[in-house]
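Copied over from TrEMBL:
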DOMAIN    1-376  domain 'Major facilitator superfamily (MFS) profile'
TRANSMEM  5-23  transmembrane segment
TRANSMEM  29-51  transmembrane segment
TRANSMEM  63-81  transmembrane segment
TRANSMEM  87-105  transmembrane segment
TRANSMEM  126-146  transmembrane segment
TRANSMEM  152-174  transmembrane segment
TRANSMEM  195-216  transmembrane segment
TRANSMEM  236-254  transmembrane segment
TRANSMEM  261-278  transmembrane segment
TRANSMEM  322-344  transmembrane segment
TRANSMEM  350-371  transmembrane segment
């Protein structure tokens, strides 16, 4: 799975590298923000469509096609930035870049569900998956910033795109991936895919709530650092909760709690939201870092539980698309949280953003709890598996 690592390391680099590149080239944060948002929207849409195609054809051919298209669109985007293209043109290109980013993450997670037996072994694989993503999100933005600071601001975009494309192609050509074949389509799932299962909608609610809380915090933390006169500490503060997420994720993977998945999702989200509340207490950056360290412990357990829950609620023939919906849901949640948090930080206070994050998280957790029965019901034919996974 070395190829998968190379393909997924730039997952948090491309968007940031594009943001830094456009800002340095155009001198406009507004344009850079729009371009970055365009790439985010494209990735949210593309993950679902790519997932559905992989479920129909297997992962190998779609990954080869999207990787090639990704390289083409990144090249066109770089040429357009260098030639001073209009903002609408750059945003449109950013959307295509996001849509064609090869979704190796969804494909690799689907492999775990097919290659490993249900239970602790597969749970450990999902835990590793969630932790690796956290590590990538710790390293990615920093690497993008360093590369974009080089004499040519597009260096970060170029290196991250090439790394992702080469890694995706290498992954697609491995014997294990090429051996994967589409599974029989469950009746009624051809049009709606995994959304034919009521439990899938509940998992999407949990994932979106998770994204909303993180989105609020990702804006509020740098704002708190700036207000304290320590602007450079903003990024470091966000890294703090990623570190605790990785460490606690390893421990949590040994003994997940609560055991029943239909309770695990709302409980973890609710606890996460409540812990974020303590960050609203306006004291020092040390206090903020301490509260983030504690709250961050809930990140990897949720990511792992989302993957495990998909096995319980999504038809087997739609697993890759189901993982795509998870990416879409968390992306939309991040966008919603960031936009509202930005408004609150600017027009109310930094503390209000943390409080709003907690309230939103608790509300989403409440909804997931109300519909928990749809997760417990699972999908016919999967009961033996999810009994072990739970």
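Note: Cβ is positioned from N, Cα and C throughout, glycine not excepted.
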Mean per-residue pLDDT computed across the domain 'Major facilitator superfamily (MFS) profile' (1-376):
87
Among 261-278, 322-344, 350-371, which stretch has the highest count of C-beta pairs below 8 Å with the transmembrane segment (87-105)?
322-344
